Structure formats: C-alpha cells, structure tokens
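**Student:** According to TrEMBL, the record shows the following:
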TRANSMEM  A:39-72  transmembrane segment
TRANSMEM  A:99-124  transmembrane segment
TRANSMEM  A:136-153  transmembrane segment
TRANSMEM  A:165-188  transmembrane segment
TRANSMEM  A:208-231  transmembrane segment
TRANSMEM  A:252-271  transmembrane segment
TRANSMEM  A:317-343  transmembrane segment
TRANSMEM  A:364-384  transmembrane segment
TRANSMEM  A:390-409  transmembrane segment
TRANSMEM  A:430-453  transmembrane segment
TRANSMEM  A:459-477  transmembrane segment
REGION    A:635-659  region 'Disordered'
COMPBIAS  A:638-651  compositional bias 'Polar residues'
Number of protein chains: 2
Amino acid sequence: MGRPLHNERFAETALPKRTALPVFSADSLSSVAYAPDEIVLTLALAGISAVALSPWVGLAVVLVTAVVVAAYRQNLRAYPSGGGDFEIASKNLGRKAGVVVGSALMVDFTLVVAVSMSAAAQYLAAAFTSLIDHRTEVALVGVLLAGLLNLRGQQFMGRAAVVPTYLFVIVMFVLIGVGVVESVTGGLTPAPSSSWDVLPTADQQTAWSTLAMVMLILRAFSSGAVSVTGVESVAGSVQYFKKPKGRNAGTVLTIMGAISCVLLMGTIYLAQRTGAVVVLDPAAQLRIDGRAPTEDFYQNPLLGQLARSVFGLDTPMFYVVILATVLVLVFAASTAFSGFPALGSRLARDSFLPRQLKARGDRFAFTNGIIALLVAAALLVVLFRANVNGLVQLYVVGVFTSFTLTQAGMVRHWRRQRRYVHEPAARRRLIGTTVLAHVAFVLSATVLVIVLVTKFAQGAWITVVAMCLLGGLMLAIRRHYDFVDRDLKLERNSSARALPSRVHAMIIVPSVRKPAMRALAYARASRPSTLEAIVVDVSPAITTRILDEWRRLEIPVPVTVLDAPYRNSVQPVIDHLHRVRRRSPRDLVVVYLPEYVVGTWWERILHNQSTRALAGRLRFEPGVMIASVPWRVDSGDPAQTSSAGSGLQDPSSERTETR
Amino acid sequence: MGRPLHNERFAETALPKRTALPVFSADSLSSVAYAPDEIVLTLALAGISAVALSPWVGLAVVLVTAVVVAAYRQNLRAYPSGGGDFEIASKNLGRKAGVVVGSALMVDFTLVVAVSMSAAAQYLAAAFTSLIDHRTEVALVGVLLAGLLNLRGQQFMGRAAVVPTYLFVIVMFVLIGVGVVESVTGGLTPAPSSSWDVLPTADQQTAWSTLAMVMLILRAFSSGAVSVTGVESVAGSVQYFKKPKGRNAGTVLTIMGAISCVLLMGTIYLAQRTGAVVVLDPAAQLRIDGRAPTEDFYQNPLLGQLARSVFGLDTPMFYVVILATVLVLVFAASTAFSGFPALGSRLARDSFLPRQLKARGDRFAFTNGIIALLVAAALLVVLFRANVNGLVQLYVVGVFTSFTLTQAGMVRHWRRQRRYVHEPAARRRLIGTTVLAHVAFVLSATVLVIVLVTKFAQGAWITVVAMCLLGGLMLAIRRHYDFVDRDLKLERNSSARALPSRVHAMIIVPSVRKPAMRALAYARASRPSTLEAIVVDVSPAITTRILDEWRRLEIPVPVTVLDAPYRNSVQPVIDHLHRVRRRSPRDLVVVYLPEYVVGTWWERILHNQSTRALAGRLRFEPGVMIASVPWRVDSGDPAQTSSAGSGLQDPSSERTETR
C-alpha cells in the first residue's frame with residue numbers, strides 16, 4: 001500500500017522534538033490508562049487497607065522511571081544511531097545478549113499491541129455499555145485497524161499521532177487539575193465504587209502472613225512498572241529525530257518521563273480521594289450490605305471512574321476523557337507497529353532474521369513485519385479474551401530484560417571509556433555517568449527479578465518461553481548464514497572462477513512448437529561446443545510425432561531420445577546428464593527449458609509442471625546451468641513488443657564503470 | 001507410496017474374469033446393503049400398506065438392471081478401450097456431452113465413497129452398539145482408510161477385494177437360502193421391528209391423494225435404483241480385463257447384474273416375511289401401544305434385522321453377515337478410489353483437466369486424484385453426518401445422466417454401423433442391438449427424469465449444481481489449452497525459429513562470492529557478443545565493497561552500477577534491460593542469476609528471495625533468456641562430485657537419432 005518512498009525523501013521523515021514527543025510517547029503515556037488500575041487491583045487482593053499503600057507503590061514506580069530515563073539519556077548520546085537496546089547489548093556484551101534483547105523486545109511489541117487494544121476496548125465499553133460483552137471483538141478490530149493504518153506508512157501515522165497524544169495529555173492535566181481543586185475545596189464527588197465493601201480474598205485467609213502481603217505489594221509494583229515501558233521505544237527510534245539526534249531524543253525522553261510520572265501519581269491521588277476501587281473479580285470481592293453485584297455489573301476502569309467523579313456522568317468531558325484515552329491507546333499500538341519492523345530490519349542486518357527483511361523501508365519487509373505482529377497480537381487478544389489484567393502478567397518481563405542487559409552493556413561501555421578520558425572535568429562527568437549506569441543496572445535487575453518472581457506463574461512464563469523460542473530461532477538463522485558465508489567466501493584461485501573448457505547444450509523438447517523452437521534458436525545463438533535436442537519418450541505416439549516434425553522442418557540439430565520406462569520425465573534427463581558429465585567432467589552443461597508464460601495463477605497450474613520439476617531437480621546437479629526460455633503466450637513477435645513498459649526509464653540512473 | 005511400476009509390468013495387471021468379477025462388482029453388489037432399506041423406508045412414508053408394494057418396486061429395479069446390463073454388453077464390445085461412458089458420449093455426441101458424462105461420473109464416484117462408508121458405519125453400529133453415536137467418525141475413518149489403502153496402489157486393493165466380495169456373496173446366499181427354507185417350513189422368527197406400528201406421516205394426512213402416493217412410490221423406485229449403479233464402473237475399467245477385454249467385461253457384467261438382482265429380491269422377500277420395517281424418523285413414525293421408541297432406540301438396517309431373524313441375535317453368523325457387509329462396502333469405496341484417478345487421467349488426456357494428470361499410473365496424478373476424492377467424500381460425510389438416506393438423495397443422478405447420454409451415443413453409433421453391415425444375419429443382429437440401445441436409452445432417460453423429479457428438492461439439486469460447476473471448469477480448461485495450442489502452433493517461417501544476431505550477457509552480481517563468480521565463468525564460457533556485470537546499488541557500502549573486490553581480483557568484465565532509488569533491486573534491472581533492448585532490439589539478452597542451492601525448505605526461505613523475484617519478473621520480458629547458475633552450498637568442487645548419484649544409469653536407454 002502506498003507508493004514507495006524515494007531514498008532522498010528519507011531525510012524528510014526526521015522529526016522535530018515537538019512532533020517526536022507525541023509520536024514516540026503514546027506508548028509510554030497511554031500506560032496511565034491501565035497501570036494505576038493494576039496497582040490498586042493487586043493491592044485490593046490484600047484487603048482494602050492495603051489500597052492505602054498505592055501512593056507508595058506509585059512513588060517506587062516513579063523512582064524507577066526517573067533512574068531509567070536518566071540512564072537512557074546517556075545511552076542515547078553514546079549510541080545515537082538508532083540501534084537502541086539491541087545495538088548496545090550486542091556491541092558490549094556479545095551476540096547472545098543481543099539476541100536476548102532482540103527477542104525480548106519483539107515479544108514486548110506484541111504485548112504493547114495486545115494490552116493497549118484490550119484496554120481501549122475496556123474504555124469504550126465504559127462509555128458505550130452495549131459493547132461490554134463484545135470487548136474481544138472490539139479489541140480485535142482495534143488491532144486490525146492499527147495494523148492496516150500502519151501499512152499506509154510510518155510517516156502518516158507519525159504525523160497523525162500528534163493530535164491524540166497532545167489531546168490526551170491536556171485532557172489528563174485538566175482532569176487531574178480540576179480533581180485536585182475539587183478535592184481541596186471539598187467539591188469532589190465520591191466514586192460510585194467507593195460504596196462497595198472489598199472482601200478479603202481466599203488466599204488471604206488461608207495464607208495470611210507478612211510474606212504473602214509483601215509478595216502482593218511487590219506484585220502491585222511489578223504491574224505498576226508497565227508505566228516505565230515506552231522508554232525502549234524512543235531508544236529504538238533515535239534515527240527519526242532531527243539532529244543532534246541523541247540529545248534531542250534525550251530531551252524528549254525526559255519530558256515524557258516527567259509527564260508519565262505526574263499522570264500516574266495524579267491518578268493514584270484522585271483514586272484515593274474519590275475512594276474509587278477496582279478489583280480482580282467483582283462477583284467474589286465486592287459486596288454492598290453482603291450482596292454481590294448483579295450479573296450485568298461492569299467495573300469501570302479507573303480513569304473512567306475519575307472522569308465521572310470529577311466531571312459527572314454523561315457530561316461531554318466524560319466522553320472526551322474516554323475518547324482521548326482510547327485514541328492514545330490506539331496510537332500506542334501504532335508505535336509498536338512501526339517499531340517492530342524497524343527492529344526486525346536491524347536484526348536482519350545482523351543476520352538474525354531472513355536477510356530479505358533488512359532493507360529499511362522496503363515494502364516487502366515492512367508489510368511482512370506488520371502482518372506478523374498483527375497476527376500475534378490478535379492471537380493474544382483472543383486467547384486472553386481481551387483481559388487487560390491477564391495480559392499485563394506477560395508484559396514488563398521483556399522490557400526489563402532489555403533494560404537490564406542494556407545497562408549491563410552500558411556499564412562496560414562507560415568503564416572502557418575511562419581509558420580515553422583524561423581531562424579532569426570530563427573524567428568526573430564520566431564517573432558520574434558510570435555510577436548512574438550501575439545504579440540503573442542494579443535497579444532494572446531488581447525489578448526484573450521481582451517481576452519474574454511475582455508474575456511467573458501468573459503468565460510471565462509464557463513470555464519467557466516465547467523469548468527462548470524466538471532467540472533460538474534467531475541464533476539458528478545466524479549460524480546458517482555464517483556457515484553459508486564461510487562456504488561462499490572466494491579464495492584467490494577458487495575453482496568457482498575456473499572457465500569450463502567446453503559447453504554442451506541440451507534442449508528439452510516436449511513438443512515441436514514455438515517455445516521449443518525459440519529455446520533451440522537461443523541455444524544455437526549461444527554457439528555451444530555441442531548441441532543436442534532431448535526428447536523423453538513418455539508416449540511413443542508423441543515421440544514419433546516430434547521426430548516426424550523434426551525431419552519435416554529440417555532442423556539441423558541431432559535428437560537424443562531417452563527411454564522413460566517409469567513414465568517419469570525427470571529421471572531419464574538426470575541419468576543422461578550423468579552420462580554426459582562422466583564422459584567430460586570439466587564441461588559445462590546448459591539445459592535449455594522452454595517455458596510457456598501465462599498470466600493468471602490458475603493458468604500457471606495448467607502449464608510447465610514437468611519443466612518446473614526438472615528445473616528443481618537440476619539445481620542439485622553440479623556443473624549444470626539452467627536456461628529458461630520464456631515464451632509469453634499471446635505475445636506475438638518479441639521484436640514488436642520490445643519497448644513495452646520502458647517509458648519509465650531514466651538514462652541518468654546508469655553509470656558504467658570500466659575496470 | 002509404493003515403488004513406481006515399470007511400463008512392462010503393466011500387462012501383468014490384466015485381470016482374469018474370476019478376479020475381475022469381485023474387484024469391479026463390489027460397488028454394485030454392496031448396494032444391497034442400503035438399496036432395499038431405501039425402498040422400504042420410502043414406501044413406509046406412504047403407510048404400512050404401501051410397504052407391501054416393495055417387491056413390485058424391486059422388480060422394476062430388476063427390469064432396469066437387466067436392460068442396462070444387456071445394453072452395456074454391446075457397448076463394451078463396441079468400445080473395449082476402457083474409455084467407458086465418457087468415450088462413448090464424446091465420440092458420438094461431441095465434447096459437451098462428454099464433459100457432462102465426465103463431471104457426472106466424478107460426482108458419483110464421490111457419492112459412492114460417502115454412501116458406502118456411511119452405510120458401513122451404520123452396520124458396524126448395529127453390531128457394536130457403543131458406536132451408535134459415533135457413526136460420523138467411523139465413516140470418516142473408513143473414508144481415510146479406503147483412500148490410504150488405495151495410495152498403496154490399485155493392484156494391491158484389486159487382489160485384496162477378491163476375498164470380501166466372494167465372502168459377501170456367499171454369506172448373502174446362505175442368509176437368503178436359510179431364510180427362504182425357514183420361511184417355507186414356518187421356522188422364521190419375526191423381526192423385532194415387526195411389532196411396531198408405523199404411523200402415517202404428516203404430509204400423508206394433509207396432502208393425501210393418488211398423486212402423492214404415486215410420487216412416493218416413484219421415489220422409492222428412484223432410491224432403489226442405486227442398485228443399478230456399478231455398471232459404469234465396469235465400463236470404465238475394461239482395460240484391466242484379460243483379452244478379449246470387451247467380451248470378458250460383458251460376461252462379468254452379466255453375472256454381476258444377475259447376482260445383484262437375486263440379492264435385492266431375496267432381501268425384499270425376507271423383509272416381507274419377517275415383517276422387518278425401517279422408517280425415516282423412528283421417533284415420529286413408530287409406536288407400540290401408542291408409545292414412541294425411547295431416546296436410545298437404534299434402527300438396525302435391513303440386513304442386520306434379517307440376520308437376526310434368520311440366525312438369531314448374537315450368533316456367530318449374525319456377526320459374519322455384518323462383517324462381510326462392512327468389508328464389501330469398504331471395497332466398494334475402494335473401487336471409486338481406483339476409478340476416479342483413471343477417469344481423471346482420461347479427461348486430462350482430452351485436455352479437460354490439467355495435462356499433468358494424464359500420465360496413467362503416474363504417482364503424482366494418482367495421488368492427487370485420491371486426495372481430492374478423499375477430501376470431497378469426507379466433506380459429504382461430515383455435512384450429512386453419515387446419514388445414508390440423506391446421501392442417497394444426491395446419488396443416482398450422475399449415474400443415470402451417464403447411462404442416458406451413453407445410450408444416446410450408442411443409438412447414434414449403431415445407426416451409423418448400419419451403413420457398413422450388409423450380410424443379412426449380421427444386419428439382423430445389428431437391428432436387434434439398435435433396438436436394445438433405443439430401449440435402454442428411453443428407460444434410462446425415464447429413470448433420470450423420475451429421479452430428478454422425485455429427489456430434486458431432497459438433495460439432487462446439490463448434485464446438479466456440482467456437475468454444472470465441474471463441467472464448466474472442464475470446458476474452461478479445455479478452452480484455455482485450445483487457445484494455447486493455436487497460439488504455439490509453429491508456422492514454417494515462424495519468428496520463433498529466427499536466430500538472434502548477437503547475444504548480450506548480463507550477470508547479476510549481489511556480492512563477490514563463489515556463486516557470482518561461477519555465474520561469471522559460465523557466462524564467459526558461453527562467449528556472448530557483449531558481457532556486463534550488473535550491480536544494483538541498494539546500499540552504497542555494499543556497492544563500494546563489490547567494486548573494490550572486482551578491481552582487486554582483476555576480473556576482466558565491465559561493471560554497470562544501477563541506481564536503486566526506491567531500494568528495490570528488481571525494477572532497475574528491468575529498466576536497464578529495456579534500454580539495452582531498445583538499442584538493439586534483435587539481440588538476445590541472457591540474464592545470468594547466481595543462485596545458492598540449499599537443502600531444506602526453511603533454508604530456502606533464507607536465500608534467493610530477490611533473485612526469485614527478478615526471475616519471475618524477467619519471464620514477462622520479450623527477447624530474454626534466464627540462466628540460473630546454481631551453487632550448491634557445501635558442494636565443494638563440482639568436478640569432484642560430478643559422478644554422484646549416477647549409479648542407476650543404464651546405457652541402453654539412450655538412442656541417438658541423427659537427422
């Protein structure tokens with residue numbers, strides 16, 4: 001879809017900060033639509049009293065965000081080429097670390113799409129109650145839409161993301177601002193959900209202990225850590241920034257981190273003031289006067305509840321909040337759709353994925369990447385029935401794996417730098433940076449361990465398995481390419497350069513018609529040392545007819561008739577070839593295959609099947625060249641149509657170099 | 001599966017009569033397992049009194065069988081080549097009639113398999129009650145089994161069919177013989193089903209009239225006419241008989257028809273004597289003292305009921321009857337599995353199906369035919385949930401379409417013969433034969449009309465639609481081949497034979513490695529008039545590296561660098577080709593494509609994608625030949641491996657003809 005972009009237009013796609021911020025931070029900022037929910041919901045499992053801890057959990061997340069962002073500012077300056085975490089890990093820690101980061105990020109891109117669209121479906125259902133039972137379908141449509149829009153090209157979606165991201169940020173600031181003012185002046189309406197009693201869950205009663213409590217709080221933190229995701233997206237997109245790319249990306253990262261933290265804390269604050277509650281299983285956990293909610297009870301996500309409390313139900317602003325949230329989530333998914341093929345192309349350049357994917361901006365690679373992501377995300381949505389909480393358990397693992405390895409790589413990078421920096425001020429700065437990298441590494445690793453421990457059984461194991469499979473595949477592909485590279489390397493006196501002494505031409509003649517005659521003419525024009533026409537005697541009647549025609553047309557080429565006792569037309573040719581090659585092993589044998597070229601796929605089924613089988617078999621024979629002579633059915637004389645379709649040519653695009 | 005058959009072994013597969021009878025009559029004889037049921041069941045719709053008509057309906061079927069068999073004896077003598085109905089219709093009535101017969105028979109082969117295996121499942125359920133609710137699965141397994149066994153080859157299944165068919169015939173004669181003796185001596189136990197009252201059905205009460213009654217009787221006759229099927233199977237398999245093929249096939253046909261009639265009438269007779277009843281819908285139609293049968297009531301098919309009455313429940317002979325019936329049904333399906341690809345190959349020889357299917361005994365064609373039939377039959381079984389009555393409504397249409405057109409053709413054939421026969425005795429015989437052909441034609445046409453009228457809404461329309469679709473497809477394929485044949489026909493001074501004056505060679509160089517060097521060496525060995533290496537400048541770094549290497553290796557071939565502004569490597573080559581061809585339109589351009597040849601399919605995904613895209617595109621260019629130069633990865637020096645795999649060769653299979 002869309003026209004290919006000319007190389008020279010590539011520079012145009014470099015984005016100024018004011019555009020880059022909304023384009024790349026949709027992923028990060030949109031997590032405020034589900035991260036606070038996850039914190040509150042997990043704490044609610046430990047009883048309503050634990051919910052009071054949510055600001056502290058939020059602060060822990062803010063701390064992690066601050067450290068990660070600070071560290072990445074340095075990373076981006078050190079590696080402004082846009083390879084992102086994959087490049088840092090590969091260069092400093094080696095191939096395997098790079099592959100782990102690569103597969104972790106690919107899995108996480110998939111989860112960004114699945115989580116964002118599931119959350120979007122949840123918000124739509126909050127505004128339009130008729131969608132409550134169709135959230136899976138809505139999320140699927142969303143995944144499809146985001147994928148298709150991205151097929152139209154990164155540029156289009158990039159520009160389009162500006163509006164919803166700014167809109168979302170403004171709306172959220174208004175929501176939090178008005179909420180805070182109302183809360184201070186006492187005008188804040190309590191959330192409808194504040195009237196529910198939250199029951200302690202079963203595992204609370206049986207295994208109640210300090211350890212279980214701590215585990216739940218840590219799990220709440222793990223879930224809240226989704227708020228930190230999105231940093232790696234910016235890191236992988238530095239090449240789209242205006243110069244100085246690294247510094248500009250760093251600034252955008254800082255602003256993004258700051259906004260993200262404000263939104264997270266603001267939301268948690270308002271949730272506390274309005275008494276809004278979300279729980280994992282409303283039917284089991286919520287009670288009013290001992291009665292459970294009815295069958296058709298739908299639990300609004302936090303932002304929906306807050307918008308109701310602050311602006312009132314069914315006010316225009318309520319719908320604006322929902323709409324802005326849904327839009328920013330769609331564009332968060334869109335970020336993944338542009339990041340995924342870019343990462344794929346980076347991995348392909350290092351031979352971890354099929355090399356045909358490496359061309360940046362090539363439609364083929366881009367399209368296949370988007371389709372792969374679309375299918376994987378759609379599968380996740382269906383498997384988890386668009387359940388945000390279920391999907392979040394799989395999330396974050398990949399991002400923090402990537403953070404941890406990246407920071408490990410940066411620690412090594414900065415240490416190595418010490419050798420080259422001697423000027424005292426620069427050296428002090430470097431020490432500071434190195435310390436920061438260490439802190440970020442330890443913190444990321446700690447978060448990763450917490451996430452793995454608290455979420456492994458809940459679903460993180462799926463991510464780990466997926467990462468291992470992907471990583472194994474990438475290493476296998478790389479090994480194959482390495483093997484081929486070694487095998488194909490040209491030595492100075494390689495036999496590959498040896499000129500065959502003589503050329504023996506064989507023309508396969510299935511019938512005396514135009515294609516075979518053209519093949520014969522081309523073979524003769526190439527003036528081989530010897531020339532023979534091959535007729536495979538599958539049917540005596542046909543063979544006789546061919547030989548008769550041959551004589552009648554006085555064709556000056558000898559015919560060899562090959563017996564086909566098993567009515568298979570391929571093996572006799574191969575056997576004959578072996579005989580010829582045994583007679584003169586240093587000769588080149590050129591097998592001329594006449595081919596009908598037809599237009600449609602169903603016509604193609606009707607022709608050339610045995611020619612194709614023969615060509616496929618001949619490829620495995622040494623010292624053989626396969627010459628396909630196409631005859632376009634309905635083509636007429638080639639001389640008459642030779643200039644067809646050449647109107648597009650541009651003489652300036654040809655340069656001849658003579659040795 | 002299985003080793004290919006040598007041509008010379010083909011004669012061995014000719015069958016003597018005693019083997020041919022069981023091999024080809026399984027289809028026909030097995031219909032006694034469901035044809036009497038269908039007669040009784042349809043008559044029961046008109047009330048229990050109508051069931052008394054079943055012998056008369058049976059006699060009508062016997063009459064049709066006798067006339068059809070008598071007519072086909074003549075047909076087989078006139079056309080002993082094994083083309084069967086398709087050949088007779090095509091030769092005497094033209095292409096369209098042939099296509100109608102061809103598609104009718106293909107549809108009917110599918111129905112033979114579906115009906116036979118559904119009936120087999122019904123009989124198995126009668127013996128093993130735990131299978132009652134799994135008849136669809138049992139029938140599916142049967143379809144699969146029959147298909148897979150046939151993949152092992154016609155010959156094996158042919159020989160294997162001897163035992164079950166003879167067993168079935170003997171068992172049936174014993175059943176009927178003992179039953180008749182018991183009935184005469186008064187020792188015959190009434191069937192359990194004789195105690196049921198059969199209620200008149202709803203449409204009997206509302207639309208009771210002579211017409212409705214007549215329609216039901218005619219429908220009973222239509223359903224009973226399945227007993228006549230199988231004749232066309234023998235007619236299409238004449239080539240497998242020992243000489244004189246036509247006469248032997250005729251004898252087998254007569255014996256088969258006679259046995260078939262005896263079994264049909266015997267079964268109907270015993271059904272009457274034991275009072276056995278089968279109905280379409282037991283819950284609605286059966287009552288004892290006004291009570292409907294319970295939920296788990298299973299209606300045994302007639303042969304099962306008769307075996308119970310004659311031999312007693314759970315006696316060994318009861319199980320022998322069931323087993324023999326199931327086996328003969330499996331081999332009936334097997335007949336279709338061998339007839340279907342044979343018909344397909346016949347149709348392909350006349351270009352109504354893809355020509356690659358035409359090689360008789362070719363594993364490829366044979367396998368594809370069997371798989372197609374297997375899938376279609378399995379689909380029918382699933383759609384109809386292995387309901388024999390439902391499937392029988394679709395059946396018979398094709399067979400009688402074929403009979404009718406064949407006899408129309410034979411009428412014309414015999415009339416034409418009159419011109420050449422003058423000897424009085426022969427002329428009298430000819431007149432007799434002609435009259436018989438007329439009678440058979442009129443009778444077949446009448447049956448066809450009855451079948452269409454009484455069953456159209458019940459399901460025959462599906463058959464008609466399928467026949468039209470298949471027929472349309474065949475005519476389209478034939479039209480395409482005819483067009484191509486005209487297009488490719490060689491005129492004496494065709495431009496296809498013109499030798500190009502000069503040869504311009506282009507070698508596509510994606511990298512300076514062994515495959516490209518081999519392509520270059522082969523191109524140089526072919527001594528073209530001009531020679532250039534083409535480098536598509538997709539990445540400046542790679543292009544520079546190629547040019548450096550080129551200079552370093554002192555390769556004496558000029559390099560043309562083509563700009564690829566859209567990072568697509570195909571279009572620049574095509575544009576360049578157009579420029580070259582415009583400069584010298586009468587030259588031949590040979591494009592040399594180096595190719596890595598790898599072993600497995602997943603390795604293939606990793607290589608040659610852009611080469612393949614270029615080759616595909618080049619096929620549509622006039623005056624171009626595509627030379628693939630394979631380099632087998634891991635192959636080493638071709639000279640060292642040149643004699644690999646040539647151990648099988650046989651010098652005697654080469655004959656050289658010099659003009």
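Each Cβ is built from the backbone N, Cα and C atoms, and glycine gets one as well.
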**Student:** For the transmembrane segment (A:317-343) and the transmembrane segment (A:252-271), decide whether they are in contact, meaning at least 3 CB pairs lie under 8 A, counting pairs 6 or more apart in sequence.
**Tutor:** no
**Student:** Mark yes when the transmembrane segment (A:208-231) and the transmembrane segment (A:364-384) have three or more Cβ pairs under 8 Å (sequence separation 6 or more) and no when they do not.
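**Tutor:** They are not in contact.
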**Student:** Between A:39-72, A:252-271, A:430-453, who has the most Cβ pairs under 8 Å to the transmembrane segment (A:208-231)?
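**Tutor:** Per the Cβ count, the answer is A:39-72.
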**Student:** Taking the transmembrane segment (A:165-188) as reference, which of A:39-72, A:99-124, A:136-153, A:252-271, A:430-453 has the most Cβ pairs under 8 angstroms?
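**Tutor:** Comparing A:39-72, A:99-124, A:136-153, A:252-271, A:430-453: A:252-271 has the most Cβ pairs near the transmembrane segment (A:165-188).
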**Student:** What stretch in A:39-72, A:136-153, A:252-271, A:430-453, A:459-477 has the biggest tally of Cβ pairs under 8 Å against the transmembrane segment (A:99-124)?
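**Tutor:** Most Cβ pairs under 8 Å with the transmembrane segment (A:99-124) come from A:459-477.
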**Student:** When you scan the chain for residues with a C-beta under 8 Å from the transmembrane segment (A:252-271), skipping those not six or more beyond its ends, what do you find?
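**Tutor:** Answer is 17, 20-21, 24-25, 28-29, 31-32, 35-36, 39-40, 54-55, 58-59, 61-62, 65-66, 68-69, 72-73, 76, 169, 172, 175-176, 179-180, 183, 191, 224, 227, 230-231, 234-235, 241, 302-303, 305-306, 309-310.
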**Student:** Need a quick answer: max count of Cβ pairs under 8 Å to the transmembrane segment (A:39-72), which of A:136-153, A:430-453, A:459-477 is it?
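**Tutor:** It is A:430-453, which has the most Cβ pairs under 8 Å.
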**Student:** For the transmembrane segment (A:430-453), could you work out the same-chain residues 6 or more beyond its ends whose Cβ comes under 8 Å from its Cβ atoms?
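**Tutor:** Beyond its ends, the transmembrane segment (A:430-453) has Cβ neighbours at 64, 67-68, 70-71, 74, 218, 221-222, 225, 396-397, 400-401, 403-404, 407-408, 410-411, 413-415, 417-418, 421, 460, 464.
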